[in-house]
Amino acid sequence: MNIFRLLLATLLVSLCFLTAYSHLAEEKPKDDRSLRSNSSVNLLDFPSVSIVALNKKSKKISRKEAEKKRSSKKKASMKNVARPRPPPPNPCVATRNSCKSPAPACCDPCASCQCRFFRSACTCRVLSPSC
């Protein structure tokens, strides 16, 4: 029985080596002529690339356009910040204070009452910082 297992083990190992060897790539030595012919064919397959230098005017125009885009973004962000907020209600709860259901609303218009642990712990929290 031990001889039979030894024979099966050697057969299995030899099959593993045979499959690994069959999957290896074979490299054949190539002469210079075949390399030259392959390289010329490869160069002809690809389209040629032309490099064009930019003049100073085109660089200035692109910089001006970039500055205009930056300034328009700044103006848009300033418009969002400058909008008026509604006044807080008179009896209100400050941010990060308890705001259970009988308590009044949060003072910050961007804050809302968030409850955890089955509505046992409720606090006023600001959800979005961009508000």
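Each Cβ is built from the backbone N, Cα and C atoms, and glycine gets one as well.
The feature disulfide bond is assigned by Swiss-Prot to Cys92-Cys107, Cys99-Cys113, Cys106-Cys124, Cys110-Cys131, Cys115-Cys122, with sequence analysis given as support. According to Swiss-Prot, the feature domain 'Agouti' maps to 92-131. Here Swiss-Prot flags Asn38 as N-linked glycosylation site. Per Swiss-Prot, the feature region 'Disordered' maps to 57-104. Marked as signal peptide by Swiss-Prot on the basis of sequence analysis: 1-20.
The structure, with features from Swiss-Prot marked on it.
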residue: Cys92; record: disulfide bond; DSSP (3 states): coil
residue: Cys99; record: disulfide bond; DSSP (3 states): coil
residue: Cys106; record: disulfide bond; DSSP (3 states): strand
residue: Cys113; record: disulfide bond; DSSP (3 states): strand
residue: Cys122; record: disulfide bond; DSSP (3 states): strand
From Cys99, Cys106, Cys110, Cys122, the disulfide-bonded residues whose CA lies within 10 Å of that of Cys92 (disulfide bond): Cys99, Cys106
Roughly where does the domain 'Agouti' (92-131) sit in mean pLDDT, to the nearest integer? 78
In angstrom units, rounded to an integer, how far apart are the Cα atoms of Cys107 (disulfide bond) and Cys113 (disulfide bond)? 11
Measuring Cα to Cα, how far is Cys124 (disulfide bond) from Cys113 (disulfide bond) in Å? 4
When you measure from the Cβ of Cys106 (disulfide bond), how many other Cβ atoms are you left with inside 10 Å? 24
Just to confirm: which same-chain residues, 6+ apart in sequence, have a Cβ under 8 Å from the Cβ of Cys113 (disulfide bond)? Val93, Cys99, Ala105, Cys106, Cys122, Thr123, Cys124, Arg125
Cys99 (disulfide bond) has its Cβ surrounded, within 10 angstroms, by a count of other Cβ atoms equal to 23
With an 8 Å cut-off on Cβ-Cβ distance and a minimum sequence separation of at least 6, pull the same-chain contacts of Cys115 (disulfide bond), or say none. Lys100, Ala121, Cys122
When you measure from the Cβ of Cys110 (disulfide bond), how many other Cβ atoms are you left with inside 10 Å? 14
